[in-house]
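Feature annotations, reproduced from TrEMBL:
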type: TRANSMEM; residues: 29-50; note: transmembrane segment
type: TRANSMEM; residues: 62-83; note: transmembrane segment
type: TRANSMEM; residues: 95-118; note: transmembrane segment
type: TRANSMEM; residues: 124-152; note: transmembrane segment
type: TRANSMEM; residues: 215-238; note: transmembrane segment
type: TRANSMEM; residues: 258-275; note: transmembrane segment
type: TRANSMEM; residues: 296-316; note: transmembrane segment
type: TRANSMEM; residues: 336-353; note: transmembrane segment
type: TRANSMEM; residues: 360-377; note: transmembrane segment
type: TRANSMEM; residues: 406-424; note: transmembrane segment
Amino acid sequence: RGPYMDEAFHVPQAQAYCRGRFLQWDPMITTLPGLYLASVGVMKPAAWLFGWTGSVVCSTGMLRFINLLFSAGNFYLLYLLVFKIHQKNKAVSGFQRILSALTLAMFPTLYFFTFLYYTDPGSVFFTLFAYLMCLYGNHKTSALLGFCGFMFRQTNIVWTVFCAGNVVAEKLNEAWKTKLQKKRDEKIPSRKGPFSDFVRILQFLIEYLISPKNLVTLSALTWPYIVLVAVFFGFVFINGGIVVGDRSSHEACLHFPQLFYFLSFTVFFSFPHLLTPIKIRKFLLSLRKHPVHYTLITVISLFLIWKFTYVHKYLLADNRHYTFYVWRKVFQRHELVKYVLVPVYLFAGWSFADMLKSKSIFWILLYFACLLAATVPQKLLEFRYFILPFLIYRLNIPFPSLYRQLLELAFYIIVNAVTFYLFLNRTFKWPNSDEIQRFMW
């Protein structure tokens, strides 16, 4: 009933804001005060409207209720995004859209924090809302919502850039199609070679982006996002870094294996779509067809794991999180385990990319750039950091069959039930503390 884990910092901070002490700040908090400002903005009018007084206002239970509101909003936003992204697919029924939104709203890593006073539901709410407004062309509103998301978690600026990039990717795709059509009409032969497509696209990007006319057009379309990114850099300069409060445990680094962890995480939670016999067969065919490509990717992966694997002190010390057990039971079994897993990462990466092949090449490049920016700088392996990139990916893959949707939903329900059971019933104590500890994401 009392504040648990990070709530021990969030709840007192929100209560200080409720009492009007806006200059009071707990130096252990690393995010901006979006959650507390939103809480006061809801709680104070509600208290006046319903006549609440005393300890009820901004109590731990009432503050958690804020995240219940955000989670309900996330369900509705996910439904609207499913509808918008897949509106051309006439085979998808209204029931399937609702089912898809419900499944994503119950995504275990996000759903668990509906019931605790953490920043995740609000952070996801404003970022998804910004993405929806971007898809509808309301870019000023999207940038404003992106600012709200940034106030919940600074790394959400990456997904504001993603919204701006959607506009840019659309324009690039139009210009690319025009150029290809012109080549076909003029019967200009294409260069052949293993990296010829990559070279052509890179050449096109450079040509397009050095044109002052194109830059002016893109700037006119994306200026609200440019303003927000400028505000972000201003904040980083004044603050001396992206983290507010305690920076000792949140140092940025080039932790490239985070990408491999994310891909494995995505395959695990999207196994009805990504881990199928057909996919495995197609992957093996691809391996046989492009041995040089896969050999090169394997060598690069091994090098990145060798040189850029970091282990955060929290990961080794805090046995209340699933990541602690994943690391201990898998990665700490032997020094070579992290290298042996490379074939798993290769399949995860191939399957992940294969599901996005219906998107334009520029959208894919944009998404992967944002995925790298959101995950790689994080030293700590924390599944909560994967929520937004996972949801955006999952929203944009081809609409799954009803059978796969139901399988995915059933899996999420089971994972949620097990997590809540462990959290509520499998409590334990540390030797040096009388406080009850609980398992959680």
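Counting begins at 1 with the first residue displayed.
Cβ coordinates come from backbone N, Cα and C, glycine included.
A contact between the transmembrane segment (124-152) and the transmembrane segment (29-50) is present, since 3 or more of their C-beta pairs, 6 or more residues apart, lie under 8 Å.
Of the Cβ pairs linking the transmembrane segment (360-377) with the transmembrane segment (62-83) and spaced 6 or more residues apart, fewer than 3 are under 8 Å, so the two regions do not touch. Highest Cβ pair count under 8 Å relative to the transmembrane segment (95-118), across stretches 215-238, 258-275, 296-316, 336-353, 406-424: 406-424. By the Cβ criterion (distance under 8 Å, sequence gap of 6 or more), the transmembrane segment (336-353) is counted as touching the transmembrane segment (258-275), at least 3 such pairs being found. Sequence-distant contacts of the transmembrane segment (215-238) (same chain, six or more residues past either end, CB-CB distance under 8 Å): 139-140, 142-144, 146-147, 150, 154, 157, 160-161, 163-164, 167-168, 171, 209.
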